[in-house]
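Copied from TrEMBL, the annotated features are:
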type	residues	note
TRANSMEM	75-93	transmembrane segment
TRANSMEM	114-137	transmembrane segment
TRANSMEM	143-162	transmembrane segment
TRANSMEM	169-186	transmembrane segment
TRANSMEM	247-267	transmembrane segment
TRANSMEM	302-322	transmembrane segment
TRANSMEM	334-354	transmembrane segment
TRANSMEM	852-874	transmembrane segment
TRANSMEM	886-906	transmembrane segment
TRANSMEM	912-935	transmembrane segment
TRANSMEM	947-965	transmembrane segment
REGION	1064-1116	region 'Disordered'
COMPBIAS	1076-1090	compositional bias 'Polar residues'
COMPBIAS	1106-1116	compositional bias 'Acidic residues'
COILED	1207-1240	coiled coil
TRANSMEM	1291-1311	transmembrane segment
Amino acid sequence: MRFLSDKDTWDPFQLNPIGAEKEEKRRCFELFQHLVAGFVGIMVLSSAVISKGSLLVLSTLSSPTSTRTPKERQYYVLMLVCSLVVPNLLVFLKSLWKCAFKNFVPPNMRTMGIVCGIECLVSLGTSILVLVVMPQFDVLTNLFISGGVCMLSSVLQIAFRLQRENWKIIFPICSLMLVLTGYFLLGADYYVRVSSFVSGQEDDCYWYVGIAVFASFLVSLTWWENPVQASNNMQEMLTELDTFRDFVFVISSLLRIVVIAAVYLIYHVLIQENIVWSDFDFTAKADDDENTIARHRETLDIGLILLFLQAFFSAACHWFGVVACKIHSVRMSFAFPVCFTGPAVLILGMILFLTQSEDLAGADTTSITDFCSSLVELSTKNTSTVVMLEITKSICRTSLSSHYWTWPFSLLALEGICMWLGLITCTYYVWNFRVQRIERTTELFVRRLYESAFIDLSLLLNTKMKVVRTRNQESVVDDVENCVIYLCATMWHETYDEMLKILTSMFRLDRYRGDPKEEHKDVFDFECHIFVDDAFMIEKETGKKFVNEYVTDLIHVVIEVYRVFTNKEPDDVSIIETPYGGRLMFVMPEGNMLYFHLKDKQLIRNKKRWSQIMYLYYLLGWKGYIVKNPQKITRQNNPCRASLISLDGESFLLPQHDNDSKRKHISDDNTYIMALDGDTDFHPAALILLVDRLRKYGNVGAACGRIHPTGMGPMVWYQKFEYAVGHWLQKTAEHVFGSVLCSPGCFSLFRGSALMDDNVLKRYTTTATRASEYVQYDQGEDRWLCTLLLQQGWRVEYNAASDAYTNSPQEFKEFYNQRRRWGPSTLANTLDLLHSGNETVKRNSSISRLYIFYQIFTVSSSILGPASVSLMIAGAFQFVFQIEGTLSIIIAVIPPIFYMLICFLAKPNAQIIIAAIMSVLYAFLMLASFFAIIGDMAMQGTFITPTGLFLVSMAVMYLVTAILHPQEFSMIIYGLMYFICIPSGYLLLTIYSLVNMHIVTWGTRETNKEKEEKITQNVLCDRNCKLCCWDMKLQVTQETDNLLLQQLQQAVNPNTQVTEQVVKEQQANTKKEINNAPNEENNKGILSNDDSVDSIPKKESAYSSIEDDNEDDDNMLYDGSLYSGFTEEEREILPQSDWVQPVKEEFLKKLTYANMKRNLQEQIRYTLRNKNQEDVCEELVMMLTDTVNGELKDKVGPEDVLSNSQLEELQYALNEAARRILKTNRMERLERRVKRAIEKTLIAPQVEKLTEEEHDFWKKLLERYLAPIVDDKAHKEEVTRELKSLRNKAVFLYFIVNVLWIVATFFLQAIGNDVISIKIEKIWPNGTSSGEYLKVEPLSLMFLLSFAVLLVVQFLAMLYHRWEDEEGLILENQIANGLVITSDDL
């Protein structure tokens, strides 16, 4: 394979890969952020106002002083009871859901008793305050008095001293004082009312004031856990409570409902005796007149509307409040609207009072006193609005209606101000609330339950204090532990464009992460590893080993990407021979490491699973070992390997050891493996979201993102919608109900400690020996690894906001072969998990027996897939061609049986061709069925038909799902393609996968070319000449050509200096080419004409810094000796494989005259990229470029590689020029940095060897786990027989189950539609009934049972995930595009 020089002097143009440019904030997206934040804030405020206002109206209507009849008042009291019950009922259902789908933990009875006791007291206080006290007070007092529920929180904040700054203790002290003052003003206000004979005020109001204070204190117990958990008190009990909190909520919510009912019955039935049960019957009686009936209807409507408004908008306010926090818009969309809910209700009420009072018929508006007096006469008139009349009358119960003086009204106003300010000062910490990128609701709020009667106070007091950060600590990440991420990509015959994607993604991450020595908001270090399977080929004629065309492309890609990101060649390149093949090591532009591991299939097992085992043992086993045993790292005093990583001038000897040393302080829990494919494209934001998830939740062993297929053509269009539906519904349902079953290897993050757990990695190394193991282990290795994690107790999660893109099969054959591997593997791993269900439920808290049942239902639906599709096709025949149901079933099952026989008899390629033809025919049938259904709906004049209902409901379901994923809404356009391809994807593909289960080859990216090709390195002429019976091969290489030119030059001009070493090397190379035979003995060294530039020796220390600016500059100069600085042992020439030299020469092109100028310019600009160094930087670039031109012009060609002596002379000249320029600009402190940049430009790629310890590690690893598998013929035949036997059993099982389902449907259809059918009334579009009935036949019913039920369940899970789970709709879409969205950004 020839290395083509893809950069010549006359061809400086290049193609930038998509995504290589820096990410910039989009103006439209920023505007969208502002709009979303504003909308959420408005929704929080409006829903809180409606919730609070509707409760106040209900309490006013149920007041004994209202003008409503006793029957109406007791009805409104019942509505108040229902408004208190609704949130408890919602919490009961949600907690029951959690208990059902999570592993149940038996509660500690003592802890549960304490919590349930507190909940009962809270429910008692809420019931007394809402059902007993508030109906006795006026509407303004009811609005103000609720602010006192923050008193206990203030007391605990003072007692526990929860403030980060001592002076902030003044806030809870002021809050407590203001609340107490408010209660004092409340008592004084009612004393003045009674003394001034305000109408409607009795002496017993003092009792109610005292009861109100007591009830408010009980209500304040609701949020006892918030200050307690922030103070680190009772942590043992709270930690224990978290394990069974869901079960406690199930019990406590029921107890709260019981307490609410008890208070209602005791007070209104036993004490007041004002409940007449017969009065709740609002049906029209025979003796009722029209006015009575209208009034009853009005009462019912008002009560139900107010109950709905109160219950719905309380829940909406809570949800929008959570969304506001999760989109990091705390101040604007959460704190501000919630804090000003009370004033907003007051202002709105006063506006209505002032504007609507004149519209009250018969009201006297001459003065406030006369106005209030005239309201008594309006109680019997129905011309006035009931709600406005009662609110107005309630306001008149204050001191405003006093005939003596109205100044006491100021007491009520001061009471409201004190209560409001008390709430604000108690919850001051909310304004400095900081939310991490990923936060669950339980991390934001202490309690899952919200108090609907005090929704604004509930949100503020429930906000977790522990998340508080002061502003000067915003940039401090002490609560985020550092972590190490190993990005591991496996390659198997990727194309150039696919390689370009993965390397561009890695360089993007390197650019985002920046200098490892600088502070960064995302604290992590990373390394990139690419494992190339089948990386070598054997030259047929000589038997020598060289890298193949895929490695050649990979080298060209990394050089190209490096140029795109830095406009220069790779700086630090090392070539290392290893026991498994070879390794290329690069230092990326920002100092992070990139490794290419080249696997020789003759030395190590190939394929993806063995590559994963290889890097898991290397990164988790070996590197983890050397971190714990640092003495095992041999210090290699090689002065050629200093890499200039950081801008502060600090350099490192062997920078890969620097990354290893960082892991000393990082636990295995914070060591992550990022599994990638060789064609994955991702952005840093996607990776960081997965890292945050594993950081946040210690029980998560793996996390995957949203995979987007890329490519063009019908197969890709089908897969786009298939992937979208699979993530929207299936993966979301798994995430909600229990745990994701498969984290795909193309983009998944694994926790190191999870992989190192018992029965995971060790079992993952098992070599398949039985037929079932070949299917489960090697056909879907990613799913098997996740199965092992789940069985060991780890959780696998799905993050919908983490987007990655990967190439999908574009050809029908490649797609079928890929799914031929995936289908049986998925079924095998799911059955394995179900088989170990009892043990998994015990170990894994995320998996419950109900989730196991869900998976059984899913597997059953999958097994019945061919029958379900056949029934759907039968329905299409019946509908389009008007064929009887039984006959249509017979016709529908003939093609699948025919294709199954074809799969048993024909070869795989023929099977795929026939499947493609049948897929086209099925697509026409499905398309005809689709338009026929639409036509039938048009003819019937309604969509209420069996087929119409199914089509419309599926379309609505998918449309709603797409709307809830707005960034992916465009995927809906591929839905029609997916619909018409259902028979191919769920019927023919299932048959093909089952019948070909015995084929265990990969099926994709296979190549027919033998890699044992002849390498033609630098070949200028390659001709085969035939003369008579003689065959002559003539080959002229670049080395031969150079030798002839030099001999001619020496003959013409004997004074020309040609070094003896060059002549010897070139003669040896010429002789080798002419003889065309291996000569291992001549490979004595790594030094050739181009190799003489291997090293530019340095006299610096390995860990030097630039802090000592006065150090002698001579220590940067060199004595010109090639081996200066080396020990005698290091001067020994290393043995070198044949593949090393061609690879090395490819990277030596950086030292050509043309490339060097560009590299030097960019290296200086990168080194001096600070703004205050721009002037001197450009002067240096200009002067050093002139120096290079002066030294090399007319001496070497633009594409000639400089020799060692030329490099040494050039380096000396550049150093002197840089010294003069910096001295002139008085910037001597930059001299060492500039010299290092010059040195880095002139350094050549290095050929190194592994340490003895690592070499021994690889030898043992290969021997124990990764030695190539050599099976004898007998074993292969035995495995083939077992695989065919397994295939036959699986096909028989599928066939029998599906046949039974179809036969059952056939006989049900034959019995008759009148016996077994569902009747649906036909309704016209205007809503009127047609009097006709449409029948759902057994054919349609059986299809719905096997297909639609599962889809509906997954749709409901998706809705729950969108609206309730940790990554809500807005959070996902914003985080996916911006790493952090803070309130300051908004």
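Any Cβ shown, glycine's included, is placed from N, Cα and C.
Because TrEMBL annotations are produced automatically, they should be read as predictions rather than curated entries.
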Statement: Sequence-distant residues near the transmembrane segment (247-267) by C-beta distance (under 8 Å, 6 or more away from its ends) are 77, 81, 84-85, 88-89, 91-92, 94-96, 99, 104-105, 107, 112, 115-116, 119-120, 122-124, 126-128, 131-132, 241, 448-449
- prompt: Residues of the same chain, at least six outside the transmembrane segment (334-354), with any C-beta under 8 angstroms of its C-beta?
  reply: 41-42, 44-45, 48-49, 52-53, 56, 139-140, 143-144, 147, 321, 324-325, 388, 391-392, 395, 416, 420, 423-424, 427, 430-431, 433, 455-456, 459-460
Message: Tell me if the transmembrane segment (912-935) touches the transmembrane segment (1291-1311). I count contact as 3 or more CB pairs below 8 A, with pairs 6 or more residues apart.
response: no
Message: Could you check whether the transmembrane segment (143-162) packs against the transmembrane segment (75-93) - three or more CB pairs closer than 8 Å, residues at least 6 apart in sequence?
response: no
Task: Grab the pLDDT values for the coiled coil (1207-1240) and give me their mean, rounded.
output: 85
Message: Given a Cβ distance threshold of under 8 angstroms, which distant residues of the chain, six or more beyond its ends, lie next to the transmembrane segment (302-322)?
response: 40, 43-44, 47-48, 50-51, 54-55, 57-58, 61, 75-76, 78-79, 82-83, 86-87, 90, 333-334, 338, 386-387, 441, 444-445, 450, 452, 455-456, 458-459, 1363, 1368
